[in-house]
Amino acid sequence: LSIIKKRVISDKKYSEQRLDVLSALVLAENTLNGPSTKQRRLIVSLALSVGTQMKTFKDEELIPLQLVLKKLDLISELTERIRAQCDCCFLYWHRAVFPIYLDDVYENAVDSARLHYMFSALRDCVPAMMHARHLESYEVLLECYDKEIMEVLNEHLLDKLCKEIEKDLRLSVHTHLKLDDRNPFRVGMKDLAHFFFLNPIRFFNRFIDIKAYVTHYLDKTFYNLTTVALHDWATYSEMRNLATQRYGLSMTEAHLPSQTLEQGLDVLEIMRNIHVFVSRYLYNLNNQIFVERTSNNKHLNTINIRHIANSIRTHGTGIMNTTVNFTYQFLRKKFYIFSQFMYDEHIKSRLIKDIRFFREVKDQNDHKYPFERADKFNRGIRKLGITPDGQSYLDQFRQLISQIGNAMGYVRMIRSGGLHCCSSAIRFVPDLEDIVNFEELVKEEGLSEETQKAARQLDSVLSDLTRNFAEGTEYFKMLVDVFAPEFRSPKNMHLRNFYIIVPPLTLNFVEHSISCKEKLNKKNKSGAAFTDDGFAMGVAYILKLLDQYQEFDSLHWFQSVREKYVKEIRAVAKQQSVQSTNQDEKLLQTMNLTHKRLEVCLQEFELLYFSLSSARIFFRADKTAAEENQEKKEKEEESAKASNGDLSSSTPADPVVK
């Protein structure tokens, strides 16, 4: 332009047209010397349309100039042109393509990174929608659009991805079941991990995080399914670990009380059906375990302290008191039947006769209750009648006492389970002797009301746990105190004969126990059992309620049994030594069997004696009711004195307080 301008100036012919051309060239030159805005380019264009008059430009000069100006226009409008070319608002009218596109992305996971571009394209529809006039507010249209896109995304990508990942984890954990053909050469293989390396996708006012979505789905599914079947916790833990290793997902631990494969019944189930439980399960005193009596399966269920602790952790400690309350209701019904049996004329008359007989002969028998008398009672009661399955009234009475004992064993297990649960919960407290008050500390720091409330809650939880752990409720004492006054009242005098029925009951129990243990070695195991300590617990509990430990001990029953069996064993041994010289094999075999049977009977009586002695410890057998009442009275007097002493020392001047 400057060359042309010089050429126009150097031309001496002056005219107004030439001056206009020169002015236009100067204007174009000055305008180009600055930013290339739309207005400047327009002015340049107008100026050149004037400046090119009068053949000021040669052809070879004009063409390059026009080319350069065209390039300048292109560069200046580049952003706008790209924006116009890349505007994908047309997708609004072709939304049907989106689900097909997502299906394709899902099938070819390698291209998953392109999802970002697709959502950028979908965002281009928004500015056009903002100019919508057919609705009261364009917000409604945007909301519908947002909802539609998210529904399509969930249906065609996210939900399919969640299901596929879950299926993959399940099949990988259960490979030992050989569920289907997973050979990648035959069925192909998709690497879905590519989706989890994507950055969150921005769409409207949300971020779509595929990794977080799938993680949340798996967490929720695993948690819900674990709550339904707690014994599957190990499987879901494996699946969580596998999800972390294979897909890099950060899974959340469920923190549900883990159950074991031999979980057995839940505390709630037992509580609701305690009458069924005590008749179907057998108690073992030493291992504190319940074993199912019979089962249609090839295994028997067991219930021990760990299961009870897990159940208490699941349902909360409040369930313990409810369980004991249910047990109390159950015992009331059972004691009514117990009282009816003891009141029966046939039973009562026999027992009174036995008591009178023992008083008459005790000096001759060294104060020991004769074995023959108990055996006679056991056999004689069968004459009163038997049930269709061959059980006498004494068998049924023994079962009743066993059920009462099982209920007490269950209460003991509940207490042990509660302590077990408390100890596992309180193990995170560093020092039980010195627990700080969080509420005071929070108030000192001047924190918010919500924080103070939370601290108060934490303090109450800690104090509750500490108290439960330190004391543990004496449920046995409660169940003795609630029934004892009624049992010991004069109107229930017929119950005072109970101690004399214990010897025939023990005989009956030993016979039953031996037959149960013998069935263990047989092919048909119906009725087989190796433990039934519920009987010992029941006898100990009822003797305590009637305050008859001393009366029962006065019978010296177990010494009498031991002497009887030892005497018979010695007699058989003596006969064996005599017969061994005669070499009569059949007679020797018979004697060996007799010897073995006597030893088994003695061993069973010994086991029952040990179980009964152990069970008596729970009910403080060393003290009679009178001694316990005296001890209680002394404690009350001491506490009253202590409280009076505190009051007198604190405010001696105030007569009202005194």
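Yeah, the Cβs are placed from backbone N, Cα and C, and that goes for glycine too.
For 2-88, the entry in TrEMBL reads domain 'WASH complex subunit 4 N-terminal'. Looking at the domain 'WASH complex subunit 4 N-terminal' (2-88) alone, the prediction's average pLDDT is 86.
Annotated domain 'WASH complex subunit 7 central' per TrEMBL: 90-433, in sequence order.
Among the features that TrEMBL reports, domain 'WASH complex subunit 7 C-terminal' is placed at 451-620.
Marked as compositional bias 'Basic and acidic residues' by TrEMBL: 626-640.
Residues or ranges marked as region 'Disordered' by TrEMBL: 626-658.
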Sequence-remote contacts (6 or more beyond its ends) of the compositional bias 'Basic and acidic residues' (626-640), Cβ cut-off under 8 Å?
620
Grouping DSSP H, G, I as helix and E, B as strand, the residues of the compositional bias 'Basic and acidic residues' (626-640) number 15 helix, 0 strand, 0 coil
